[in-house]
Amino acid sequence: MSNKKSMPKKPVTAIHPDYTATAVELQFELLKQFAWLGSAIIGGIVILLQLDQITIGKHVYAALSCFAISIVVSVQGQDYLVNKLAEGKVLEELASRMKLIRMTAFSLICFGAGIIVSYFWKQ
C-alpha cells in the first residue's frame, strides 16, 4: 500500500485560466475536422462511383449513411458545446458528454471506412 495522499483534482480554470479557452477551441475544432473528414470521404466515394471503381449496393449505402450520420453528430456536438457555454456551464461539466459525442463521430467514420475497405478487400 502506498502512503501517498491523493491530491484533490483542480478544475482546469484553477490551474490556468487560458487553458479553458484553449480546450474549448480544441473540442470545437476536432468536431469540425470530423465533419470535414466525413464529407471528404463522401466526395471520394462519389468519385469512385463515377469512375466505376465501385458498384452501388448495400455496402455503399451503409458507408455513406455512416459518414452522413458522423457529420450530423459532429455538427450537433458543436451546437451543444456552444449552447452550453453560452448558458454559463464550464467545460468540466460537459467533458463526459463531449467525449461521447467525439467517440460516436469518430467510430462512425471508422465503421464506414471499414465497410468500403472490406469491399475492396473482397475483390
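Placed from the backbone N, Cα and C atoms, the Cβ positions cover glycine too.
Bear in mind that TrEMBL entries carry predicted annotations, made automatically and left uncurated.
Record features, source TrEMBL:
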TRANSMEM  34-54  transmembrane segment
TRANSMEM  60-82  transmembrane segment
TRANSMEM  103-121  transmembrane segment
Non-local residues, at least 6 beyond the ends, that sit with Cβ under 8 Å of the transmembrane segment (34-54): 60, 63-64, 67-68, 70-71, 74-75, 78, 102, 105-106, 108-109, 112-113, 116, 119-120
Positions on the same chain near the transmembrane segment (60-82), where near means CB under 8 A and six or more residues out: 24, 27-28, 31-32, 34-35, 38-39, 41-42, 45, 49, 54, 94, 97-98, 101-102, 104-106, 108-109, 111-113, 115-116, 119
Tertiary contacts of the transmembrane segment (103-121) (same chain, 6+ residues out, Cβ under 8 Å): 31, 34-35, 37-38, 41, 45, 54, 59-60, 62-67, 69-70, 73-74, 77
